[in-house]
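Visitor: Straight out of TrEMBL:
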- LYS5, PHE6, GLY7, GLY8, ARG240, LYS265, VAL266: ATP binding site (BINDING)
- THR45, GLU126: substrate binding site (BINDING)
- 320-392: domain 'ACT' (DOMAIN)
- 398-462: domain 'ACT' (DOMAIN)
Amino acid sequence: MIIMKFGGTLMGSAQAIQHSAGLVAHTVQQGERAVAVVSAMSGVTDTLIKVAGSAENGDIAFANDELALLRNRHLNTAHELGAAPDSHTMLEIRELLETLRQTVVGVYLLRELSPRSRDLIVSFGERLSAPLMAIALQQLGVHAHNLTGGQAGILTDQHFGNARPLPEAFDRIPARLEGLFGAGITPVVAGFIGETKEGAITTLGRGGTDYTATIIGAALKADEVWAWKDVDGVMTTDPRMVPEAQNIQHLSYAEIMELAFFGAKVLHPLAVTPLQEHAIPLRVKSAADPSFAGTLITGKAVRNKPVKAVTAIRQVSIITVGGALVGVPETVAEIFDTLARAQIPVLMISQSSSMANVSLVIQNAYARKAMSELKAAFAKADLVRDFEFQENIAVVAIVGEGMRGARGIAAKLFSALAEEGINLLMISQGSSEFNISLAIEDRDVAKAVQAAHKAFELEKAD
Ligand SMILES: Nc1ncnc2c1ncn2[C@@H]1O[C@H](COP(=O)(O)OP(=O)(O)O)[C@@H](O)[C@H]1O
Ligand SMILES: N[C@@H](CC(=O)OP(=O)(O)O)C(=O)O
């Protein structure tokens, strides 16, 4: 049993979908069971988020124009894939497009967009692409049936926008899919979305289709999960920033989580978590070159070199809380409590040894809110007086389990950046010792990533 994930680029046009379907068909025709898990066509999720926002703000003309483009794109793609105008799938796509339109009109009339209604609108991207993959598979002679995340058994909590699977999902998924396998049907599951116990649609966070695939993989105890990509695999850094980036042959679950957390766009940060318990391997493979092994991700750490990859997160800010924090540990606890209550994730933390201040790196999307929550929490405390806010920050991280116990790694990184004249604003090393992260000014990010990549000789193939 192989679970295969296809992202937006690999679902981006009729031609791309045909190629992706060919990869599934190849496996099924070898007698292997497969589940295809698909993302929305490229750009569709972003468009739906904009459409939802413009309906809320009363700009229905913009929403209508974008919906018309989405309608044409999906109907034309279905047609190009060979769906007959009166076929069941074509009817399903038309119905979905109409329900989407009505939902957007509802938001416009109410001028109200809750996280729940935003998730409902955004879910149409994947709900519309799954039937397209089913059509392409049918054309290749593979019996296929498309399902939403909820229909496939992905039961989640109610955390709209960032939902997590409930333990029951892992029993429900096999119950929902095994009947299809029994009938020789390949399930095509809409990625990124799940359903609460009450039947409301949730999303698993941006890039969540990887997570859908691994949740299904764990629930079905699949042999492997394959995330097909438009790159050779997980690379030593973002190939768009450093063209010399190389494919990494092997990563551990811990290493990929660290990479994803520190900004490598290639996988959802939680994607491997469901696989760990059953030690199911995840492969990141190139759709353009399916015979290439890509990256194999397992529980085992291969320490062939200390640093495996360099990543960067942009669009972050530093908040520094200062004053007389010395000897008042409750103040530090209050800082983290306040952020936790407001559900604001913190990317990096540093505390001066005198406890005179605490600096936090926070994504721009949450930074203003973090600042106002902290100011409000300490409004009556005389001890905490200074709040500093630095914008245009980036975090660069190096990752590798081989760093543990290796000497001179930090020194090499710092001197490589010093040679480029890059100023380090914050430094942090995880206690696990397999990442070092640095906050720098955003304008230095490309130079810093290139310098770190070169210093650890990552342009040399494994
Ligand atoms: N370390 C990395 N390894 C591979 N790709 C990376 C890395 N960092 C950033 N990327 C970028 O991530 C892209 C793949 O992610 P994404 O487009 O979200 O995939 P998908 O839509 O298939 O899930 C690549 O095209 C690449 O530019
Ligand atoms: N469509 C969703 C989910 C996803 O995983 O997409 P992709 O595989 O194209 O990154 C998003 O854009 O976030």
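Keep in mind that glycine also has a Cβ here, set from the backbone N, Cα and C atoms.
Describe the structural context of these features.
Guide: DSSP assigns GLY7 (ATP binding site) to coil in the three-state reduction, outside any helix or strand.
For THR45 (substrate binding site), the number of other Cβ atoms no farther than 10 Å from its own Cβ, over all displayed protein chains, is 23.
Secondary structure of the domain 'ACT' (320-392), assigned with DSSP and counted as helix (H, G, I), strand (E, B) and coil, comes to 27 helix, 24 strand, 22 coil.
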Visitor: Out of PHE6, GLY7, GLY8, LYS265, VAL266, which binding-site residues have CB atoms lying under 6 Å from ligand 2?
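Guide: GLY7, GLY8, in sequence order.
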Visitor: Suppose we draw a 10 Å sphere around the Cβ of GLY8 (ATP binding site). How many other Cβ atoms does it contain, all chains included?
Guide: 24
Visitor: Can you tell me how many other Cβ atoms are located within 10 Å of the Cβ belonging to PHE6 (ATP binding site)?
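Guide: The answer is 30 other Cβ atoms.
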Visitor: Would you mind reading off the Cα separation of ARG240 (ATP binding site) from GLU126 (substrate binding site), to the nearest angstrom?
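Guide: Approximately 26 Å lies between the Cα of ARG240 (ATP binding site) and that of GLU126 (substrate binding site).
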Visitor: Between the Cα atoms of VAL266 (ATP binding site) and THR45 (substrate binding site), find the distance and write it as a whole number of Å.
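Guide: Counting only the Cα atoms, the answer is 17 Å.
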Visitor: Running a distance check here. Ligand 1 versus the binding-site residues LYS5, PHE6, THR45, GLU126, LYS265, VAL266: which have CB less than 6 Å from one of its atoms?
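Guide: Checking each Cβ against ligand 1, the ones under 6 Å are LYS265, VAL266.
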Visitor: Over the residue list LYS5, PHE6, GLY7, GLY8, ARG240, LYS265, VAL266, recorded for ATP, what is the maximum interresidue Cα distance in Å?
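Guide: 22 Å is the greatest Cα spacing among the residues binding ATP.
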Visitor: Using DSSP reduced to three states, classify LYS265 (ATP binding site) as helix, strand or coil.
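Guide: For LYS265 (ATP binding site) - judged by DSSP and reduced to three states - the answer is coil.
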